[in-house]
Amino acid sequence: MTHSVPNIGFVSLGCPKNLVDSERILTELRSDGYNIIPTYENADLVIVNTCGFIDSAVQESLEAIGEALEANGKVLVTGCLGAKEDRIREVHPKVLEITGPHSYEAVMEHVHKYVPKPAYNPYINVVPSQGVKLTPKHYAYLKISEGCDHKCTFCIIPSLRGDLDSRPITQILDEAKRLADSGVKELLVVSQDTSAYSLDQSKETQNKTVFWNGIPIKNNLITLCQMLGTLGVWVRLHYVYPYPHVDDLIPLMAAGKILPYLDIPLQHASPKILKAMKRPGSVERVLERIKNWREICPELTLRSTFIVGFPGETEEDFQLLLDFLKEAQLDRVGCFKFSPVDGATATDMPDQVPEEVKEERFQRFMQLQQEISAARLQQKIGKTWKVIVDEIDEEGIIGRSMADAPEIDGVVYVDNVGQSAVRIGDIIDVRITRADEYDLWGTC
């Protein structure tokens, strides 16, 4: 007897947090017996998981919805842009249903409505325990919370994803262990505000002892990182705001429990601009803490992101930012030109910076940081570093050191002269022989 299995097309846009949402939806679809396909034409329904963070992302999402409608006609929309249903309906009124971010149950209800769950499920015994993953098998994103309590004037995330909502620590650890047991070698911890984990919960909940694998633990970030560090995999922290308790993470890094890597979105170094952004932090205190962190953990890699051309930014403000870069000597830095976002307070602020000035400052910023990054990478030459293997081809190995997150940082190009049996996901020793502004070269 032939059984018909419905086909669902799927498009995932946006940041790693949205990717985790996509993985959750795909896991639910596969568990219910739906077949996931990479095309629109043969799909019984198409789901588009959108991004709505900045206007360019909104445009990309609207274009993806339009392509799906043109090629198929039966489209569900979810994700951050889904929180702005009127915006979507104005452009694409024929979309069947729209839900906001992390609305897994609503998405599945809509799928069942338009494409009923198949009576026969060919995947009932083959859905992996760790769920469907969109990343390579050797690394995975681990989302520890939803939403954000900050009210940064350039951002609309709280209006899209809501206030901070931390997952129970035992639930996170269960997922992390499943991933590690499935062969994942690197966990990338993500959220909108990783260092705020559990701060949305009552003191009673934070201090309450719970048990995981028979071990008594508390519900806080430090304990979470300590326990993740027992799983035998790389643990990399992203989106870590510089709260005071972040200092307590550095000894864990120095001891090798979690990777010596901090992704801290500092955004600017002018007190005036930071105040206008509604961003916390004393620049002098940040510099002092960076110095202390590096004394405790000399191998610490610091990544950050900054915005140039924020409304009201003068040449003096920008120079303060350049001065900060020179003193902080950050390893990895991303820079964005301020972009108006529909619904963000900063969009309507006075003293908007002309586009040509933004571009000029962006170029000066990047030139300086490239010099800093190149100098810091030069210090790695002659040393041996652990490298996780991402790709293998006839020219050699491409991997990442402990200082490199996937997609946003550099890579290590390796001449494989002594380890013919190297496989993707292996962690190997590489002696560094050359460096440029972003990448390293070496031999194993």
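Cβ coordinates come from backbone N, Cα and C, glycine included.
What you are looking at is a predicted structure, and each value in this text was computed from that prediction instead of being measured.
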Given Swiss-Prot lists C51, C80 for [4Fe-4S] cluster 1, the same-site residue among C15, C148:
C15
Could you measure between C51 ([4Fe-4S] cluster 1 binding site) and C155 ([4Fe-4S] cluster 2 binding site) for me? Cα positions, answer in whole angstrom.
13
For C80 ([4Fe-4S] cluster 1 binding site), what is the tally of other C-beta atoms lying within 10 angstroms of its C-beta?
28
Excluding C15, C51, C80, which residues of the same chain place their Cβ within 8 Å of the centroid of the Cβ atoms of the recorded [4Fe-4S] cluster 1 site?
L13, G14, K17, N18, T50, G52, F53, A57, G79, L81, P101, L160
Could you say whether, by DSSP, C80 ([4Fe-4S] cluster 1 binding site) belongs to a helix, a strand or a coil region?
helix
Over the domain 'MTTase N-terminal' (6-116), what does the predicted model average in pLDDT?
90
Could you tell me the C-alpha distance between C152 ([4Fe-4S] cluster 2 binding site) and C15 ([4Fe-4S] cluster 1 binding site) in angstrom, no decimals?
18
